[in-house]
Amino acid sequence: MESVEKAEVEEISADGSTVYQWLLDQGVETHGITPTEKEVRTDQRLHQMFTLWFSSCFNVSGLNIGVMGPLFFKLDLTATVVILVVVNIICMLGPKLGTRTMVLSRFSFGYYGAKLPAILNVFSMIGWLILGYILGGQYLTGTFPVISEAVGIGIISVISLLISFFGCGILHRFNSYIWIPNVVLFLTFLGAGGKNLTKAVPASSEMTVSQIISYSTTVAAMTLTWTPNALDFSVHHQPKANGWRIFIYAFLGLFVSNISWNVLGAVLGSVSPEIPSWKASLGANGNDFGALVVTILDPVGGFGKFLIMISVLSFSGGNAITLYSFGTSTAPYTFHHTHLYRSKSDVPRYLYSVIGTAIAIPIAIIGSSKFFATFEDIISLIGYWTASYTAILFCEHFHFRRNQCSNYQIDCWNTPRLLPLGTAAVSALLLSLAIIVPCMDLAVGDIGLVVGFATSWILYAIFRSIERRYTPKRLG
């Protein structure tokens, strides 16, 4: 990583800012949205693709989506587990280019059109931060009742912000080890829950097709929302890296971590109404998820509280990843710059993290009283546009670029006249979102995500073919 750090030093402004230099000395990453040059992309540790995504998802936050099946959508355990496994496999089917994901958008949306998904992704990042802060605050409050939920949210946000300052290098190192205590916590959950986890729960007679489809959509949205940030953490790895190895590492990292905690969450959600102490811990409105976790770990005493505190750190690591991507998503539509500190008007990436934190904290405090409803609403809204966006990127890469990274002219990333016009992508995205609206709340369930993906792919394939025909010199 020394070559990477050297490249970052070169991006310090010529005025020799002592603040920037001090931050760099402390290890703060200064690399912005500029595609990483090949000579500094020397990292061969592809296993980091596994540890980053595995550690980011292998923590108690994974319980939420599982718990929602029985408690929020009123599904039985069998239906919940089947949906979790099937949908996660379907949805999980960057070192090649060295670009941030939002910069890659320019090769389909064009220079100016790429601002649209970047703006949408900024709102998505805020949504993720809100959920992360609420959960972290609940865990702290459940562990230490003297701490109010608002204070807990504040503590989590500050820890997350500090971790995000140090960029890819620290995030990879942090996630190389933080999964270990979470494995211990997972096993402790199984031990502390004991025989309660094997209680026979009667199958639900209230399940409807609408509930099944709506829950499936929520699970899919939860997974797909990683798409706009997928490339941000591999820009320093070798461009000759084997594509299949990258895919397998990333797939296993996400799938194994998600399924483990999701299924455990489904079990907890199914049996908690049958156990008085667990049911009471959820509170009158059934939204105090952090208290439920603490109650389940009560049998192991102080060790359980210690594990929760460690898990809160890993939680903060996930929030830090979100804050990091918040900066790389905001920069593309804020400034016309090639290097982050080329002019004094440029805003460093880490300052965007501060802005994102300031926006998310008050909303998290307000939304914490209705956690499950807030969770479902935010994830669904993020999932709708992400599904359409993913379809456009996939169609461009697999259909028009023939699955060949060499077909991207990366040197044109910041030259509007050489990039695609963007009309095709913007039109496909907006039209698919318009079609999604009437599909959100049908009697058969929320099918907006599936309809959006299919519609976006078809429209983009048609529009892009026309666009390429009339703008042959703007292929990017």
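Backbone N, Cα and C define each Cβ position, glycine as well.
Marked as transmembrane segment by TrEMBL: 50-73, 79-97, 118-140, 146-167, 174-192, 212-234, 246-268, 306-326, 347-366, 378-398, 418-437, 443-463.
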| task | Counting only CB pairs under 8 A, let me know which of 50-73, 246-268, 306-326, 378-398, 418-437 has the most with the transmembrane segment (146-167). | result | 306-326
| request: Could you name the stretch, out of 50-73, 246-268, 347-366, 378-398, 418-437, with the greatest number of CB pairs under 8 A to the transmembrane segment (306-326)? | output: 50-73
| task | Mind pulling out the one from 118-140, 418-437, 443-463 with the most Cβ pairs under 8 angstroms to the transmembrane segment (50-73)? | result | 118-140
| Tertiary contacts of the transmembrane segment (118-140), as residues 6+ beyond its ends and Cβ separation under 8 Å | 60-61, 64, 102, 105, 147, 149-157, 160, 225, 228-229, 288-291, 293-294, 308, 311-312, 315-316, 318-319, 322-323, 325-326, 329-330, 332-333, 356-357, 359-361, 363-364, 367-368, 371, 374-375, 378-379, 381-382, 385-386, 389
| query | Have the transmembrane segment (443-463) and the transmembrane segment (378-398) got at least three CB pairs under 8 Å, pairs 6 or more apart in sequence? | reply | yes
